[in-house]
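Q: What follows is a single structure, and I will ask about it in a moment.
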Amino acid sequence: MAHQAHAYHMVDPSPWPLTGAIAALLMTSGLAIWFHFHSTTLMTLGLILLLLTMYQWWRDIIREGTFQGHHTPPVQKGLRYGMILFITSEVFFFLGFFWAFYHSSLAPTPELGGCWPPTGITPLDPFEVPLLNTAVLLASGVTVTWAHHSIMEGERKQAIQSLALTILLGLYFTALQAMEYYEAPFTIADGVYGSTFFVATGFHGLHVIIGSTFLAVCLLRQIQYHFTSEHHFGFEAAAWYWHFVDVVWLFLYVSIYWWGS
């Protein structure tokens, strides 16, 4: 490698952005084909390619940052800005769903019966499974903070335990949400109530699955001694993302489940 007189990371050419883009194309086209023609082949191919891309891209970043030392303080600063901007874009993504919900619920049209929830819709009880889900996610926010403090204090065993607990709580949330969807008395096809409910809570659920995966990668890295008390941005990014998912759920719970019912 040629000598460089600066602290910035000159990235080597990589095939993963291309394979990631192809995976996204296959998954979105596959989704449309699944909806219209009931075939999941293309979507499955896209998912497999996406998982392969994720694995190999993350592997390369771990090699560059942990083993080759390319993640100098200025590079880490850039990664921090990148993660902050990404979470900001996600805030606006969810803002669209809240806008749709409040637009529909604050001035219900005569077609909806002039009331909210619309005529014929039986909303879910906010004090049953949704309240338990809120408690589960808030507890996971506590355990991920515990993991962060453990890493900063060099408490390896505690960090592993608290991270594993956070992932288990995330999986428990996902299982409860799946059960709630299965037993819901309305579907995504039930007018604007069904659409806004399932799209907003469904995308949040997807983000919980992504966050759990992110934390699972951090757990594997922590087990393999990748994180030190000074050098653990991968975990920090995962923790920020998890707190974001937490806050979005609180807004969803208060707006759609509690006020909306």
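Heads up, residue numbers simply count up from 1 along the chain you see.
Using the three backbone atoms N, Cα and C, a Cβ is placed for every residue, glycine included.
The feature topological domain 'Mitochondrial matrix' is assigned by Swiss-Prot to 1-15, 67-72, 224-232, with similarity to another entry given as support. For 16-34, 41-66, 73-105, 129-152, 156-183, 191-223, 233-256, the entry in Swiss-Prot reads transmembrane segment. Annotation comment: Swiss-Prot describes 35-40, 106-128, 184-190, 257-261 as topological domain 'Mitochondrial intermembrane', evidence class similarity to another entry.
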Q: Using DSSP, how many residues of the topological domain 'Mitochondrial intermembrane' (106-128) fall into helix, strand and coil, respectively?
A: 4 helix, 0 strand, 19 coil
Q: Across the topological domain 'Mitochondrial matrix' (67-72), what are the DSSP residue counts per state (helix, strand, coil)?
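A: Helix (H, G, I), strand (E, B), coil: 1 helix, 0 strand, 5 coil.
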Q: How about the transmembrane segment (156-183) and the transmembrane segment (73-105): at least 3 CB pairs under 8 Å, pairs 6 or more apart in sequence, or not?
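A: With fewer than 3 qualifying Cβ pairs, these stretches do not touch.
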Q: Could you give the residue numbers and ranges of same-chain residues that sit at least 6 residues beyond the transmembrane segment (129-152) on either side and whose C-beta is under 8 angstroms from one of its C-beta atoms?
A: 158-159, 162-163, 165-166, 169-170, 172-173, 176-177, 179-180, 208, 215, 222, 227, 229, 232, 235-236, 238-239, 242-243, 245-246, 249-250, 253, 257-258
Q: Among the recorded stretches 41-66, 191-223, 233-256, which has the greatest number of Cβ pairs closer than 8 Å to the transmembrane segment (16-34)?
A: 41-66
Q: For the topological domain 'Mitochondrial intermembrane' (184-190), jot down how many residues DSSP puts in helix, in strand and in coil.
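A: Counting residues per DSSP class in the topological domain 'Mitochondrial intermembrane' (184-190), I get 0 helix, 0 strand, 7 coil.
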Q: Grab the same-chain neighbours of the topological domain 'Mitochondrial matrix' (1-15) for me: Cβ-Cβ under 8 Å, and only residues 6 or more beyond its ends, written as numbers and ranges.
A: 57, 60, 64, 70-75
